[in-house]
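J.: I have a structure here, written as structure tokens, and I will follow up with some questions on it.
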Amino acid sequence: MAAGVATWLPFARAAAVGWLPLAQQPLPPAPGVKASRGDEVLVVNVSGRRFETWKNTLDRYPDTLLGSSEKEFFYDADSGEYFFDRDPDMFRHVLNFYRTGRLHCPRQECIQAFDEELAFYGLVPELVGDCCLEEYRDRKKENAERLAEDEEAEQAGDGPILPAGSSLRQRLWRAFENPHTSTAALVFYYVTGFFIAVSVIANVVETIPCRGPTRRPPREQPCGDRFPLAFFCMDTACVLIFTGEYLLRLFAAPSRCRFLRSVMSLIDVVAILPYYIGLFVPKNEDVSGAFVTLRVFRVFRIFKFSRHSQGLRILGYTLKSCASELGFLLFSLTMAIIIFATVMFYAEKGTNKTNFTSIPAAFWYTIVTMTTLGYGDMVPSTIAGKIFGSICSLSGVLVIALPVPVIVSNFSRIYHQNQRADKRRAQQKVRLARIRLAKSGTTNAFLQYKQNGGLEDSGSGEEQALCVRNRSAFEQQHHHLLHCLEKTTCHEFTDELTFSETLGAVSLGGRTSRSTSVSSQPVGPGSLLSSCCPRRAKRRAIRLANSTASVSRGSMQELDTLAGLRRSPAPQSRSSLNAKPHDSLDLNCESRDFVAAIISIPTPPANTPDESQPSSPGGSGRASSTVRNSSLGTPCLLPETVKISSL
Amino acid sequence: MAGTDKIEDELEMTMVCHRPEGLEQLEAQTNFTKRELQVLYRGFKNECPSGVVNEETFKQIYAQFFPHGDASTYAHYLFHAFDTTQTGSVKFEDFVTALSILLRGTVHEKLRWTFNLYDINKDGYINKEEMMDIVKAIYDMMGKYTYPVLKEDTPRQHVDVFFQKMDKNKDGIVTLDEFLESCQEDDNIMRSLQLFQNVM
């Protein structure tokens, strides 16, 4: 929970008096309050430096180490203080968080060390206050990048690690995308590069006139016509290689449709197509004109170099993102050209033998003048024409010079902005996800508390699960408050899955929905368990296994590792579970290797195995869902005795 | 002239800081001991350094206890029940006075406070519309995912049941006396009133 909410709980509970006249059922009894010692000053000894603070200050954030019962582990009864063997300088910031509600980031400390301290004390890095957040993020990013670079360098030295058993296709694709992974790939990379260069040079050279021996009249011929066979062979070889490369890439691509649509493949196609078209076009006069045009497309082979050059790709991308500025430049130039062309045309209209035969003809003059080229093939002869001509050339400089710096600055701005925006977007998603996680934590804590038999009137509470007993006073009171609300409205809190199932059951005409639908669950550590007890298990308990998987901060990692463990034998449909409960039970009896976790069901006698449960280090403040790896020694799981226990 | 006035106004706005009456006075006015008042005030001051809570903050705080649903409507009604002087902000004295009634008050006082909560327009009578608003606000706090599924007319049914019980002369409104009488006849309510005694 967020800022200092624990302070307001007594008031929220007091306000519950307002529900009393409406409640149709009797409200539950209040949780037994241990003789409250009132507010007292706690001493926290961090590596010899003593910090003193009110107990209430620490209780403000019950889901952290200092605010929950976890700090009892560090209590030294002899000296009556809490001893932490950690950095006292960092602790100052942590304690200030409790006092002020804002977590500040120390500027002179290593960001990694700060992170570690936060993790130890149970503070999420998202709690860093706005004043220090930017700097914290930047430093963390820097650090991460530096570490990543080091790792990469290490890895490159060791050689590429290929996942075992990857198919030829995957290896081929890897070779194409990262030529540095193997020598063969590198060789291929350079060979294709070489042939691209050869092809382009050939295209260029075949148009150079070369004087051969005087076999023919001394008219210079382009080399292409002099040595047609040689050039044809070279062209064929290049095209063969390009075609082979293209087909190989097509074969290796993980998603062929996407590959076909990508720019690079289009360039490849355009580069080799003219050759094939040329092969099939008969050499007659009509079509050869078109054929010659096609040869122009051969120059696009030069764009194949962009696979080999990162810089070209970046340039292409930035051009694309600067399209609007370029468009503006073009538009303003067009406007100016039209205006001046019109003016020049009418100014020169009277002259005989003028070059300015029409306005479009004047376009050429305007462009050449405005870009200060001044070829001199068209010059005005009238005085008016010359005046306007000079105005044209002066304004040309302005019109071009003005947008260009804007475009240049836009380039750099957009380029850097894109980079930063992507990163920020990714961070935002993570931040929101974490907040949602924390929020769902409190929601699920209550649901799990219910399932753990906390609401049973088991009187002495000895049979209650340890995890129920270990909740802090804050949790107890908060859950009591929520329970009161339930009783007032005669409805209970559930989670999303159960709710949608209930809705489904209602719509299906009240089909017995006791069994769980494994198929509808996301496969996670919890779903393994649901197939264990199809009939007896209450829906909610099983749902909780999924939801609690997301709750406690400590067991997050443990549960994550479990996600890789063996899953339930087969996704079973609801009807199959309804029909053959014994079969499914048998299935699970076979799965003996190990069980990832087990669910708790709130049938009173089922709570006995809990005695052996180690009290979770996370305390109940963190919805003590705990996971234990145990091999199923017993041949068959009792449907009732299924618990979630901790590693 | 006007300029200097404006500057002073601005200064005052940013530095509004309400200090509560003295500890002794509060102790005399409420049923809390000095220590309890100290604890309460430290918490309050930390959350609201300016010494007053406004409705937005109040709603946010209350919403954190009921993450499942939407507690803002009910928090709105609660806020107005706390804000006895209808100034739009709750000071520490209001806060502590209300807590004193709710936790340490007599049965009569508690029931009167509840009546005041239900009576949204503070005219001394509760009619069906006001009750509907309150009950709807309470059901909103439950959220969407409940078992059994919340139906459209559940609040209405609840209000009808309530009125049947409370409205003695069946005139469609509940007065304070009717309310007190009916509540005292109901054992459940009487028992539950003792529940929140030891909240502090």
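Positions of Cβ are set from backbone N, Cα and C atoms, glycine also.
TrEMBL lists these features:
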type	residues	note
SIGNAL	A:1-16	signal peptide
DOMAIN	A:40-139	domain 'BTB'
REGION	A:144-163	region 'Disordered'
TRANSMEM	A:260-281	transmembrane segment
TRANSMEM	A:326-347	transmembrane segment
TRANSMEM	A:359-375	transmembrane segment
TRANSMEM	A:387-408	transmembrane segment
REGION	A:509-531	region 'Disordered'
COMPBIAS	A:509-520	compositional bias 'Low complexity'
REGION	A:566-585	region 'Disordered'
REGION	A:601-636	region 'Disordered'
COMPBIAS	A:609-625	compositional bias 'Low complexity'
J.: Let me spell it out: take the transmembrane segment (A:387-408), skip the flanking residues so only those 6+ beyond its ends count, and list any with a Cβ under 8 Å from a Cβ in it.
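T.: For the transmembrane segment (A:387-408), the far contacts come to 322, 325-326, 328-329, 332-333, 336, 340, 343-344, 347, 366, 369-372, 374, 379-380.
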J.: Counting only residues 6+ away from its ends, which parts of the chain sit with a Cβ under 8 Å from the transmembrane segment (A:359-375)?
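T.: For the transmembrane segment (A:359-375), the list is 333, 336-338, 340-342, 344-345, 348, 389, 392-393, 395-397, 399-400.
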J.: Taking every residue in the domain 'BTB' (A:40-139), what is their average pLDDT?
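T.: Averaged over the domain 'BTB' (A:40-139), the predicted model reaches a pLDDT of 87.
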J.: Using a Cβ-Cβ cut-off of under 8 Å, list the residues of the same chain that are 6+ residues beyond the ends of the transmembrane segment (A:326-347) and lie near it.
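T.: Same-chain contacts beyond the ends: 319, 356, 358-363, 365-367, 369-370, 380, 382, 384-385, 388-389, 391-392, 395-396, 399-400, 403-404, 407.
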J.: Please give the sequence-distant neighbours of the transmembrane segment (A:260-281): residues at least 6 beyond its ends with Cβ less than 8 Å from one of its Cβ atoms.
T.: 235-236, 239, 242-243, 245-246, 249-250, 287-288, 290-291, 294-295, 297-298, 300-301, 303-304, 306-307
